[in-house]
């Protein structure tokens, strides 16, 4: 996932702009994939894609703003750089509110575009790294048995082994064994670290 | 015994005799025959009655004291009022000399005494009828003459009757007024000398000359004529030969002074020019407005190729920066740069062509090409319209004769309206543009959309200036379109499609076969 190769996805209806951008990015040694309309990209989209999207804001059919909404619905974390024309700044502002990383106005200096693309790719790496860590935590959480999970919840709340044993009507020794397995499965030796890990994925666990 | 004794009839008979016995007999003979009978027993009285009543028939005794019958007859014939009466002499003088003398004085007939009642009745009847008819005929002739005179006098055109030599034999009052003379003074003068002076030029070429001499009718406008006072006036005249069978009797010339007409025409022409100038300006303003509305789209259209050029240029630089540059890729990239710069200049060219003031030059045009160009231009608007524009041109469509800039303005206006209507109805149907023949003389262009359509109330106001259904419209688009199309000799209008939406059409006249293409070098004006 996070280690899959980053690609610049160009969604642009104008053939010349699309073609020139593709050549430019290739000459900059960036993997690039182009689409001549928003629907084609949406069809191709998968969670495993990494990189960024260079998206023309005005297109016939589905425009850039609509594509952004559809991707948000799919919880896409691909950074989007909107390419806007003259007089599209209000649209770009809306796009930023919806979570776009940046926008650039045509005609642009290619250095500016490449800088923005590099920044977006870096952001993507960062986001994916974070996401990867979170997913690792989630994977570990998933490996816990229901009993272990229950005991971990109580550990995070700060309950002592004795209290857990009384409330769950099990022996203190059994609690200690479970506790040791939780720490082992979660890959940590410190309760403080466990608390931080669980808090970082709390939203994802709650969403389940 | 001078009273009228029979009032009920039209025909009046005057009986004149100095002998009361004779009068009585005559009276008895003719009474109850339907005549009004008048009686006189001496000459003076007879003349007085005759003048007052203008009898058709007078039975006149020759032998009378004082004025005799001959003298009475002579005086009757000398008086225009009574000259047409039928005088029938009555006399015992049954000799040839008396009869001849009576006829020589204008008598109509002769009855010998002692007369037979039947004879008197028959002769009076005959003469009464003859005189009656004659008088009716004269009255009719007078009526006709009066009518003709009234017409000739009241007509505002001047009328001359000319003989073969061009001498004026008739002139109506209007002719006299126009040439500042009198009808009396005009008659007898030579038309050519009077109105064209002593011409040094070819006499035969003078107006109406060929009509007088060869019988060829003429009709000319803007001929300059001399007046009697030496001043000149512009005239329109029409000359018609007077034929009597095969024989030419000169000509009738009808003419009028067209000074005021020419002035009016001049003023009208100037007003027309002014209107045309303002119409052109309005059309230009309307085009500027359209361009203003399209500014964002136009900027986009230019920015696309510029963006591509920037990208390609960077690619080219990178290719060259390599140790072993890929020359094929470099060439390809440079070609692409060139193509994109053409694309950008094409957008600019279209705008300039559209913005240029119309040369009001009509040329032979292919509507298919013009509409394709318009479509490309309107594509600036299409970007947010899924359906786009669909143009269909029937196979048999002929070229038209029109001003390309103005036709494109109309087409663009209708197409943009249609796109806007389609968009506001959230429809993805294309705007349909069809070109067909309408009869043999016109090409018809229809622009149909699937938009919101028009209410009937709005339909009626469509082409009124300053009427608009758009929030930001000025309401000059369609009125301008109408004046532009009318100036091309076509029509523009609205049809209500069966389904939703709207359909506008305009027609343009087909270019004449083998028409000389007007040399309008649109290329040079853009250089």
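Just so it is clear, glycine is given a Cβ too, placed from its N, Cα and C backbone atoms.
The structure displayed is predicted, hence computed values, not measured ones.
Residues or ranges marked as domain 'Response regulatory' in TrEMBL: A:7-121. Across the domain 'Response regulatory' (A:7-121), DSSP classifies residues as 51 helix, 24 strand, 40 coil.
According to TrEMBL, the feature 4-aspartylphosphate maps to A:56.
Annotation comment: TrEMBL describes A:137-202 as domain 'HTH luxR-type'.
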Fill in the blank from the handout: Across every protein chain in view, the count of C-beta atoms other than its own within 10 A of the C-beta of residue A:56 (4-aspartylphosphate) is 26
Completion exercise
Across the domain 'Response regulatory' (A:7-121) the predicted model averages a pLDDT of 87
Handout entry: Tally of residues which DSSP labels helix, strand or coil - the domain 'HTH luxR-type' (A:137-202)
Key = 50 helix, 0 strand, 16 coil
